[in-house]
Amino acid sequence: MDPVLPIAVLSILIGAVIALAFFGNYFRKRSSEIQSISQPELQSDPKKQPSKPHQTKKSNAKPHSHTSDKDQNKKHHPLDVNTLKGHGDAVTGLCFSLDGRSLATACADGVLRVFKVDDASSKSFKFLRINLPVGGQPVAVSFSDDGLSLVAASQSLSGSSLYMYGVEKPKPSEEVKQQPKLPLPEIKWEHHKVHEKLGILTLSGTTASYGSADGSTIVASCSEGTDIILWHGKTGKILGHVDTNQLKNTMAALSPNGRFLAAAAFTADVKVWEIVYSKDGSVKEVSKAMQLKGHKSAVTWLCFTPNSEQIITASKDGSIRIWNINVRYHMDEDPKTLKVFPIPLDLGGATVQYDRLSLSPDGKILAATHGTTLQWLCVETGKLLDTADKAHEGDITCIAWAPKTIPMGDEKVLVLATSSIDKKVKLWAAPSLPAP
């Protein structure tokens, strides 16, 4: 007999015993696990049943409070009146018509929208949609002549373009018939590469009413370079051209009466030009008038007072200045600083500055923005009236007051409009002024 055979048989027997011991132990553990899992299902003690719903209620307590926190955060600011929806991308510009009842917006989705704001508290707003030519992105908009004409700035790879959209006013005999459906605006004039290949930063339009001006709408386009062009709103004719010679423009604005043009640029000084009109009411020239000197750092934004006699500036030096420009500058009389206020922002050591300014039509409330923050200041005292820390979910791109009060329910209020990269336009009521 082969001596190897008994050894092999013995090895097999030992292996079988070990295997049986292992699997026996495994099945015992498995049986115990199955029994422990099934044990609660077998319990049906009615006294212990309420514990289950109680546990479920506890587990839902945290999510419930989280939802409440969210709702609390989304609660409207007391001055937040309404939101104009329907934009498909960032809203890059806005402006009110002279009567305050139309609000035009420029949107990065390539569309201009003109909202009818008959009541600021309305649940919905009708709007007219104007598609810009393909390839251009609207960056700014301004009304021309009336609520039926618009000048829009568009940016494309080939440069900046300006378009004036207008509709013919209905004849008196046809007014009743055509009022429900006005014809769609058409391009009345257009200019391309107006600032060569540079982008347009701002459009400022106003009705020329100073001196012998004929009441036409004039529009100033400010490039991201150093040039500013003055246009005739109705005809598209170039009326004047100025160069700030300050490395890079920030913005430009026309005075409400059409007399002055002022620009904020890379430096701390603000340059102001006078628009001189001929006897026939047309623009004769745009001549340099004065400089506002006093800020220690670059001016980020400016706006005129309603009477066109003062300018309010905000600077990176952390201050706001109010200037009197109603001076005899041609006799070398310098503009005077009337007031200086600190900007009431706490940015944790970062540079305190405002990105946008807009003055209420009564000249009493200054609206200002920084990022997503919106503030209202008293022009008389410089004191902060109110703050909306998260006015929008993205940076605010433009702000403008309606030139006149707008109905809101049973009352009429001053309304501020703000636009943002968050695809929204919001309407805000003016805060109350402190008692004198």
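Cβ coordinates come from backbone N, Cα and C, glycine included.
Copied over from TrEMBL:
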type: COMPBIAS; residues: 49-65; note: compositional bias 'Basic residues'
type: REGION; residues: 37-83; note: region 'Disordered'
type: REPEAT; residues: 84-125; note: repeat 'WD'
type: REPEAT; residues: 292-326; note: repeat 'WD'
type: TRANSMEM; residues: 6-27; note: transmembrane segment
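For the repeat 'WD' (292-326), the list of distant contacts is 210, 250-251, 253-257, 259-260, 262, 264-270, 272, 335-343, 351-359, 361-363, 366, 368, 377, 379, 382: same-chain residues at least six beyond its ends, Cβ to Cβ under 8 Å. With helix defined as DSSP H, G or I and strand as E or B, the repeat 'WD' (84-125) counts 0 helix, 19 strand, 23 coil. Across the repeat 'WD' (84-125), the model assigns an average pLDDT of 95. Per DSSP, the secondary structure of the repeat 'WD' (292-326) breaks down as 0 helix, 19 strand, 16 coil.
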